[in-house]
């Protein structure tokens with residue numbers, strides 16, 4: 001059965017007190033919902049379970065206890081896991097598996113069930129956590145949330161044991177909390193909600209439809225989501241609409257205006273603060289080798305590592321474990337040798353990361369010897385060793401808005417780019433390139449790539465998504481902008497510029513491989529920046545060698561002066577130039593020469609040349625003149641003439657270079673005389689500059705005084721505004737786009753039953769509506785939407801009143817930045 005044909009799979013996790021909760025839930029399940037239910041109830045391994053029988057008495061749905069055979073899930077069927085087994089979804093079937101976790105983990109393990117549902121079903125799954133002790137389920141809930149499924153926890157007050165539901169709620173990944181009977185009733189609405197949300201998909205071509213929600217999120221959280229991938233945004237909005245049983249997008253926008261808690265929930269959903277220890281183990285296996293080399297080559301300095309989008313910290317600690325292994329264990333790892341910066345914009349996730357305490361089920365993702373050496377098990381929790389925590393610094397940082405860190409030896413940017421649009425991906429990768437040292441490592445997620453930023457990064461291990469920063473100047477890194485002008489016409493150049501960076505880079509890469517299967521790229525000043533294939537016949541280098549300067553240590557003595565000459569001739573004439581054939585023998589040749597192609601940069605970029613090493617078998621030379629045919633003589637004479645012409649050209653080039661050097665020496669002499677005069681003038685200018693600095697200092701003092709005056713005036717205006725609000729006899733409120741009350745008169749605070757307003761404000765819903773007064777929240781939201789004033793009449797306990805809503809507009813842009821609410 002294909003994934004799309006499977007029913008929605010609902011995983012139910014419970015432990016102590018779970019029988020009562022599960023029974024209450026199944027009593028209220030819909031008869032026909034195209035859903036399969038999998039129950040993972042913790043039980044003693046030696047206990048004979050009657051759970052399937054007890055549950056079967058409470059529902060008309062079929063109840064099946066799982067056996068050894070994997071089953072294809074059937075709609076409207078309940079599956080019960082027996083004791084001492086884990087239950088998972090695998091290849092479209094539900095089946096039992098031997099427990100794979102630490103001996104202390106509960107069985108069946110809810111985290112393992114939830115994770116398998118997330119992997120197999122994506123958004124077509126639901127995770128429910130009911131009564132129980134411990135924290136099982138909270139780790140798997142994150143996986144379901146990341147996959148786009150719906151997550152539900154039993155309301156703590158209704159649970160006999162609130163450990164499991166409370167732990168799940170504290171992850172911030174729970175959509176709904178309610179009693180078990182209400183969960184059963186709510187599932188009907190959730191499963192009946194449309195799952196594709198065509199209305200949201202239509203916004204992809206018209207992003208302005210999402211701007212209202214973007215503005216609400218920005219006002220509430222300070223984070224701008226406009227450059228995030230719209231399909232991702234749409235899925236997250238759709239998920240929240242399913243959780244709230246809302247089908248119309250505009251209704252959801254109004255719901256967000258009226259409920260600050262829903263804005264927080266949507267923001268939390270956008271963050272997707274989900275990660276695991278050693279996520280994608282094969283990638284970490286390859287990274288282990290990279291880290292080992294990095295540690296060996298940097299024994300005398302501190303290594304700096306940045307984990308961007310660290311979420312709850314598991315990945316940062318995974319890297320810390322690998323570095324500790326490479327350095328010799330816990331005792332060897334210390335801040336003097338390594339500092340790991342782990343950043344995220346989710347402050348709640350960072351708090352979890354700093355504590356370094358995780359559910360015991362997290363140990364399932366960690367190789368056993370790492371658990372023994374670097375982690376500590378206490379009850380049902382897993383704690384990171386203090387030595388690892390000491391070298392990891394967690395901090396809030398927005399990689400889009402905040403300046404990047406610098407001088408990083410490695411950056412882990414995993415499973416973050418997939419949520420960004422292409423322009424934002426390039427922006428972030430450019431920042432990562434700036435942050436890395438030359439040859440620094442970039443570690444991406446399994447579904448991510450550097451894309452159009454190949455000019456900044458080269459692949460070190462493509463399947464494992466490990467890249468190295470190219471050790472070139474910025475002008476050299478933009479490889480895709482090279483244009484060989486001798487072969488491209490202006491029209492072709494225009495087409496190339498309009499092509500994507502990735503296509504241009506691929507074409508350039510193919511071209512140089514065709515022209516020079518074995519060769520190298522050099523700059524005008526004779527520096528090799530790229531080696532192609534095998535050039536060991538002319539040097540001792542190969543494609544994996546470091547970048548070195550052309551010198552006697554690299555090129556053979558005969559080739560060295562000619563290479564320098566060819567660079568000058570090629571760039572000056574902007575044409576292909578070839579050197580003479582040299583008698584250098586190899587396995588299948590006995591002559592070779594260098595051919596030089598110009599690579600000219602657009603704009604102010606640095607020009608380069610491509611050298612190709614050409615080889616051939618020499619013509620037999622042991623024939624006398626009498627033995628040669630006329631054809632042989634003509635070929636021989638032509639070869640001699642070509643070599644003489646090449647020698648003359650090289651000689652002429654040498655003469656020109658000598659003349660140029662002589663002229664440059666004369667010019668240098670004149671420049672030295674001019675420099676002496678300039679030094680005298682500079683001394684006079686320094687004296688003048690000193691006077692100007694004194695004048696500037698006086699101006700700065702004046703500006704500072706003006707700023708102090710302005711500050712005083714602003715303080716005065718603020719005091720006067722506060723006095724006006726205090727003195728006005730009418731209740732008056734000032735509300736921002738997130739429906740937060742920013743200012744209020746004393747009369748308003750009394751009239752609406754508010755306490756003192758905090759600096760951060762309070763939501764309009766906190767106002768107590770007077771008798772007869774319309775509800776403020778929908779009216780204020782309506783004023784923001786229609787951008788028009790509104791006046792309403794009503795009667796309260798003191799007689800007739802007038803309620804006004806007046807929008808506040810900002811400058812010439814006429815953006816609405818607030819609404820004034822007044823009761824007259």
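Each position is counted from 1, following the chain as shown.
Every residue gets a Cβ built from N, Cα and C, even glycine.
According to TrEMBL, the feature domain 'CheB-type methylesterase' maps to 5-194.
Under the heading active site, TrEMBL lists 15 (among others). According to its DSSP assignment, residue 15 (active site) is coil. Remark: residue 15 (active site) has 41, 42, 106, 131, 132, 133, 134, 136, 161, 163, 164 as non-local neighbours, by Cβ distance under 8 Å and separation of at least 6 in sequence.
Residue 42 (active site) has a Cβ environment of 22 other Cβ atoms inside 10 Å. TrEMBL lists 42 (among others) with the feature active site.
As annotated by TrEMBL, active site applies to 136 (among others). According to its DSSP assignment, residue 136 (active site) is coil.
The domain 'CheR-type methyltransferase' annotation in TrEMBL covers 216-470.
The coiled coil annotation in TrEMBL covers 637-710.
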Integer average pLDDT (0 to 100) for the coiled coil (637-710): 74
Neighbour tally for residue 136 (active site), based on other Cβ positions within 10 Å of its Cβ: 32
